[in-house]
Ligand SMILES: NC(=O)C1=CN([C@@H]2O[C@H](COP(=O)(O)OP(=O)(O)OC[C@H]3O[C@@H](n4cnc5c(N)ncnc54)[C@H](OP(=O)(O)O)[C@@H]3O)[C@@H](O)[C@H]2O)C=CC1
Ligand SMILES: O=C(O)C1=N[C@H](C(=O)O)C[C@H](O)C1
């Protein structure tokens, strides 16, 4: 039997699903053993490489996630919250590492992921890139150093197909800022302004979202103080960096105890 961990990609026809297949096919450290789509999807039954418009990869797209997960050591999942909740239970049954890139969860959905992590390693992050995870650490540090006279705003921009706002990354950065300030984000988040909003509340962390064209993902954390401003910025220009982070997480998780982890753990930040 191969020592190279086998990976299943869910939501394989999606933007990230296809990017993950390309990165796994190019990797010596992981091998693709399954490609999952919804029941009735056009791609079901076809070779995933051919369905993506390239050469056959010897893996057929299937609509039975548990059957696929049972053959795998890791599941990489960039889909939608309700799908990820279901896949978390199946990954736990299969004892496969579950790498979760999906964003847009409610607090209740995040809490509902926890029981599965008693039986499997879950690595979840709103952004799998090294750069954003470093930005998260910097955001916490800057927020801790500056007093409440500095207003914190997180501004994100994404492509016009994105369905959730604020982005998972923006929320991750907001959490880091709140941690740095020693407050709970839930108490200070201002997630939408329109009309006669009144003046900005001191201590709030504001969010704004731009959607347009093919923007891969851009995040600014703005610290606006009296007479000066600090802007921490990350711009992604290639989805491959998210996929590579996910592959790294799938490998990292192989010898870890069941539980919930994030990219800070994977990257040792
Ligand atoms: N953490 C990170 O670093 C990153 C996270 N993301 C996140 O990953 C997710 C996917 O992004 P992206 O690839 O651009 O989106 P796409 O819409 O291109 O792909 C989503 C895929 O998931 C499938 N899917 C959606 N809902 C379900 C469901 N209920 N059951 C089964 N399959 C489902 C879709 O199938 P169908 O077409 O049939 O609906 C599709 O194949 C988003 O939440 C996004 O924010 C994206 C990039 C980086
Ligand atoms: O949907 C996307 O595209 C992205 N989603 C993630 C998010 O919500 O932050 C990560 C990245 O910015 C791209």
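Positions of Cβ are set from backbone N, Cα and C atoms, glycine also.
Computed from a predicted structure; not experimentally measured.
Among the features that TrEMBL reports, domain 'Dihydrodipicolinate reductase N-terminal' is placed at 7-128.
A C-beta separation below 8 Å, combined with a sequence spacing of at least six in one chain, links residue 11 (NAD(+) binding site) to 17, 36, 37, 77, 78, 79, 80, 83. Taken from TrEMBL, the feature NAD(+) binding site covers 11, 12, 13, 14, 15, 16, 37, 101, 102, 103, 125, 126, 127, 128.
Within the same chain, residues at least 6 positions away in sequence whose Cβ sits under 8 Å from that of residue 38 (NADP(+) binding site) are 63. In this structure, residue 38 (NADP(+) binding site) belongs to neither helix nor strand by DSSP; it is coil. Per TrEMBL, NADP(+) binding site is recorded for 38.
Residues or ranges marked as domain 'Dihydrodipicolinate reductase C-terminal' in TrEMBL: 131-267. DSSP states for the domain 'Dihydrodipicolinate reductase C-terminal' (131-267), grouped as helix (H, G, I), strand (E, B) and coil, give 54 helix, 38 strand, 45 coil.
Look at TrEMBL and you will find 158 tagged as active site, proton donor/acceptor.
Using a 10 Å Cβ-Cβ cutoff, residue 168 ((S)-2,3,4,5-tetrahydrodipicolinate binding site) registers 20 neighbours. Annotated (S)-2,3,4,5-tetrahydrodipicolinate binding site per TrEMBL: 159, 168, 169, in sequence order.
For residue 162 (active site, proton donor), other Cβ atoms within 10 Å of its Cβ number 18. The active site, proton donor annotation in TrEMBL covers 162.
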| request: Mind looking up the mean pLDDT for the domain 'Dihydrodipicolinate reductase C-terminal' (131-267) in the predicted model? | output: 97
| query | Within 8 Å of the Cβ centroid of the (S)-2,3,4,5-tetrahydrodipicolinate site residues 159, 168, 169, which other residues of the same chain have their Cβ? | reply | 103, 126, 127, 156, 158, 162, 164, 167, 170, 217, 219
| task | Mind telling me which of the recorded positions 15, 158, 159 has the densest Cβ neighbourhood, counting other Cβ atoms within 10 Å? | result | 158
| Pairwise Cα distance for residue 13 (NAD(+) binding site)/residue 168 ((S)-2,3,4,5-tetrahydrodipicolinate binding site) [Å, integer] | 21
| Out of 13, 169, which of the binding-site residues is least crowded by other Cβ atoms within 10 Å? | 13
| said: Across the domain 'Dihydrodipicolinate reductase N-terminal' (7-128), what are the DSSP residue counts per state (helix, strand, coil)? | reply: 46 helix, 25 strand, 51 coil
